[in-house]
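Per TrEMBL, the features are:
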- 62-145: repeat 'Solcar' (REPEAT)
- 173-257: repeat 'Solcar' (REPEAT)
- 228-251: transmembrane segment (TRANSMEM)
- 267-354: repeat 'Solcar' (REPEAT)
- 272-290: transmembrane segment (TRANSMEM)
Amino acid sequence: MPPKSPSLPQKNSYRVFGNMALVVPKELDELEKPFSLPSPKPFAIRFQVPDLRVAVRDFLRTREVGEFLSGALAGAMTKAVLAPLETIRTRMVVGVGSKNITGSFVEIIEQQGWQGLWAGNGINMIRIIPTQAIELATYECVKRTMTSAQEKWDGIESPKLQIGRLNVNFSLSWISPTAVAGAAAGIVSTLACHPLEVIKDRLTVSPEIYPSLSIAITKIYRDGGVGALYAGLSPTLVGMLPYSSCYYFMYDKLKKSYCQSKKKNSLNRPEMLVLGALAGFTASTISFPLEVARKRLMVGALQGKCPPNMVAALADIIRDEGVKGLYRGWGASCLKVMPSSGITWMFYEAWKDILLAERRMS
């Protein structure tokens, strides 16, 4: 029998090269393993969509968004309640129908029924939500920015100009952040939402010609193009400056004076209602002639004559109706503006308390 080959130790391994077997120590065999090439993996491309939920949630909780939403909700709720007064006011201002509130109310009921008091209210709601949201959010933002800039400017030595014995101090203390913010709020909201105002007035004054929103948009665009949607923009902007500035300035001053006299930090809801109504009454009375001219320009085409500009509209009103014609519909306007202003502030502050409560606590 051939001799048995000695058995290889178990702890070692071996390699076979042709007819030869080479014993390899286990230690060397282990050293070779890390250098072995890994098995190829299939090629793949992965795309991970970023999670925007946190960013969106944080954005919705910002103060600016809360103020924007508060203004939108306040405007919608106010217009839903006061739509009949808005309808009567618009008819009287543009010279349609009766010249007094009671007569205008009766005419609407007889001609259109109760639903006539809400004529154009659909577009009015569509208009007021963005308008009120943009206006109040712009007011709050500009007021904070102006106040902060004024404080920083007053914190340093303001520039001075000396001409001989004349010293001129460039101080910002004489500028009212509230008045500037009010003017900015009125201008921005008007530029953004003026076409909706034009459409709303057409639907309110002539529902037989403009029975629906789509028909109104089509006819206005066909008759005058895009420019017709901005009819009366110039007098609106001119009239908005005194009204909006006075409105926000008066409310802010009344609020501060009242709180100081009562030694309190904030107003309750009934006080907001009363002070807002007083601010709206004052602002409306000051700027009402421009409001009349603005309405005449916006709906003048319906009556067969459209003044070319605001000055011509004012001149026509004075020539045809005298100076008192500039205040035609003033009573109905106050009847609408005063509760509207008070209710808007009351709803606005209430919604701010709700929407910004979490931010104040954090």
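Cβ coordinates are placed from backbone N, Cα and C, and glycine is handled just like the others.
Just so you know, TrEMBL annotations are computer predictions that nobody has curated.
The residues of the repeat 'Solcar' (267-354), classed with DSSP into helix (H, G, I), strand (E, B) and coil, number 77 helix, 0 strand, 11 coil. Confidence for the repeat 'Solcar' (173-257), expressed as mean pLDDT, is 85.
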